[in-house]
Amino acid sequence: MVSVILPDLGTEILIPACAIIGIGFSLLQWLLVSKVKLVPSSAASNNSGAAGKNGYGDYLIEEEEGLNDHNTVLKCAEIQNAISEGATSFLFTEYQYVGIFMVAFAILIFVFLGSVEGFSTKSQPCTYEPLKMCKPALATAGFSTVSFVLGAVTSVVSGFLGMKIATYANARTTLEARKGVGKAFITAFRSGAVMGFLLAANGLLVLYITINVFKLYYGDDWEGLFESITGYGLGGSSMALFGRVGGGIYTKAADVGADLVGKVERNIPEDDPRNPAVIADNVGDNVGDIAGMGSDLFGSYAESSCAALVVASISSFGINHEFTPMLYPLIVSSVGIIICLITTLFATDFFEIKAVKEIEPALKNQLIISTVLMTIGVAIVSWVALPSSFTIFNFGTQKVVKNWQLFLCVAVGLWAGLIIGFVTEYYTSNAYSPVQDVADSCRTGAATNVIFGLALGYKSVIIPIFAIAVSIFVSFSFAAMYGIAVAALGMLSTIATGLAIDAYGPISDNAGGIAEMAGMSHRIRERTDALDAAGNTTAAIGKGFAIGSAALVSLALFGAFVSRASISTVDVLTPKVFIGLIVGAMLPYWFSAMTMKSVGSAALKMVEEVRRQFNTIPGLMEGTAKPDYATCVKISTDASIKEMIPPGALVMLTPLIVGIFFGVETLSGVLAGSLVSGVQIAISASNTGGAWDNAKKYIEAGASEHARSLGPKGSEPHKAAVIGDTIGDPLKDTSGPSLNILIKLMAVESLVFAPFFATHGGLLFKIF
């Protein structure tokens, strides 16, 4: 047993301390955001006495910016309340359905895993050390069920808290835009940081506490302990699936309905208060891009941690009961929280945004700074928390690995994430030629816009796939499947920063919508549009991170599944595996078809309702009558709840059906096939949609001579760009982001049920 520099007691203090610091920092950011008062400034100054620091409560602002217009401030507060109520109502409705699923699936986990040894309560020989006795399979079934519920609840809470802070901050960002783009940026970014740090810290803390509580029962049986922890990842991702699909359908039904009737048919601006779908559209940004993305990245984090822990438990760390090296994945995540905290200060405290052109570089710098600092952090952690040499389980054998090799595994994942982020930015930002070419193609109509957009999406897959391929090769060569799991953790180690810049986008988008609906000046709208345009790019970067990490996580889970199901090799030339491979490659297409058709069906109802209101409510177009926002919110809610069930069932039932009827070999083929095709479709769909969206914004902003030649709003090129954006909406916000959950969720579900499939699976092949 080789000692490490960091003692076990140090590990027991370090992990929860970093998690608590992360939670404390997120609460501090929330407190700073809350200082922006949603009351008219005269009331604010009366309440607070002297003007606050950084202009909070400052009465002496330019009159032309409308700071002292009480009606405007009250209108912003009223719109924010409507958005918050709509988002809360939708999530509570969704969680009722998801809660029923959670209970049913928890029972299924217990019954299936408990039946592996006939619900025996006797200790069994360990799988990888037959001379040792391990806890009964019934205990693993019970603890896996508990960890599943914990993962599901943590995922739901993460998504809900993210949505609450986003709806709390959107109007405050609008009001701060009156003081300048820098103030608005800080408010939006701090709000995103609240979500990022809460999610990263909560995920880490709950997982750490769960491991220590389970350890009280399992004792020295670390193999059983970390097998039961895999339920945590399954719970996180299953909730993320419904959050992503349901939220994605909701937001795009409202968005497409609002755009097609408002922009194309009625030629009114985006977020015009006369448009009945406008509140539903803003609600959708929060339930899809905030709550959905939060649950998604939490799922990735939980699964990569679980995959690494499962493999480590049957390596020298687990066999020799080395506590600190065993929890190396959690130590990496802990240091990640501190690194992200330092990085955030660069955007909010060390430097101030003074011009529109500084917004996007400030967000990009967050990625660069966090990656550089994290590389140093991982090097230190690998030196103090790992022995100089150890063995890692590699499909039946133990592979000797050095600590510097494991550092390189984490680092290669970390830097691959940065490369994927920058490639995504290049293909989706209107500052670069790909999106400008798509915008230029609008001169000849919507058809050429669609052709150019699709070509851009397909081309954008190339470099990210090479980055993922290099990560897989390097990490597997050094540390087998454990290397791939920690490479995925490396990509997710800066999750707090990634989520902060991702959540910033929808908050800025909502801020712009509120400015338009509240009738604020053109200058304010220009500032919120600049924030939103940068946010569109950061949202695409966030999706790129999510997809890239999903590929590595899925492969790591695949390796853990193959080991746990006692499969020595996966031979694609055998019919059992090949049929699984080809069916698995088809599943992302089937899933995408279901989600896109769902958006189309829901959008159709929304379009009909918006048209009906414009045609039947006298004075609506003139602005003298108020639209019925509530009906549009209800249409989106009902449609998304109803339409999210079939895609969710497809993902959750596929591993169960294949494992039970066709066995673990066919299931391994399905997992490999869905991973290979799903990653490609997800990247191209997300980037195509992002490019179409920013091509439209490029024309609308008219910031360059080229852009002005395509505009203004309402011109034929602009109408073509709106159609492209409308087609891209379900691609970038529903199908694309949901696909990464499909490939992760099927893999983690297969891992959890692997003992059952290995014992009782393959019924059809047994019959024939």
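Positions of Cβ are set from backbone N, Cα and C atoms, glycine also.
As the structure is a computational prediction, the values presented were derived from the model and not from experiment.
Here's what TrEMBL has on this protein:
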TRANSMEM  13-33  transmembrane segment
TRANSMEM  97-116  transmembrane segment
TRANSMEM  136-163  transmembrane segment
TRANSMEM  184-211  transmembrane segment
TRANSMEM  298-319  transmembrane segment
TRANSMEM  326-347  transmembrane segment
TRANSMEM  367-386  transmembrane segment
TRANSMEM  406-427  transmembrane segment
TRANSMEM  461-489  transmembrane segment
TRANSMEM  545-567  transmembrane segment
TRANSMEM  573-591  transmembrane segment
Flag the pair the transmembrane segment (298-319) / the transmembrane segment (461-489) as in contact if three or more Cβ pairs fall under 8 Å (sequence separation 6 or more).
yes
Dominant neighbour of the transmembrane segment (367-386) in 184-211, 326-347, 406-427, 573-591, by Cβ pairs under 8 Å:
326-347
Best-contacting stretch, by C-beta pairs under 8 Å, relative to the transmembrane segment (13-33) and drawn from 136-163, 184-211, 406-427, 545-567:
184-211
Contact check, the transmembrane segment (326-347) vs the transmembrane segment (545-567), 3+ Cβ pairs under 8 Å, seq sep 6+:
no
Check for me, if you would, whether the transmembrane segment (545-567) reaches the transmembrane segment (136-163) - at least 3 Cβ pairs under 8 Å, residues 6 or more apart in sequence.
no
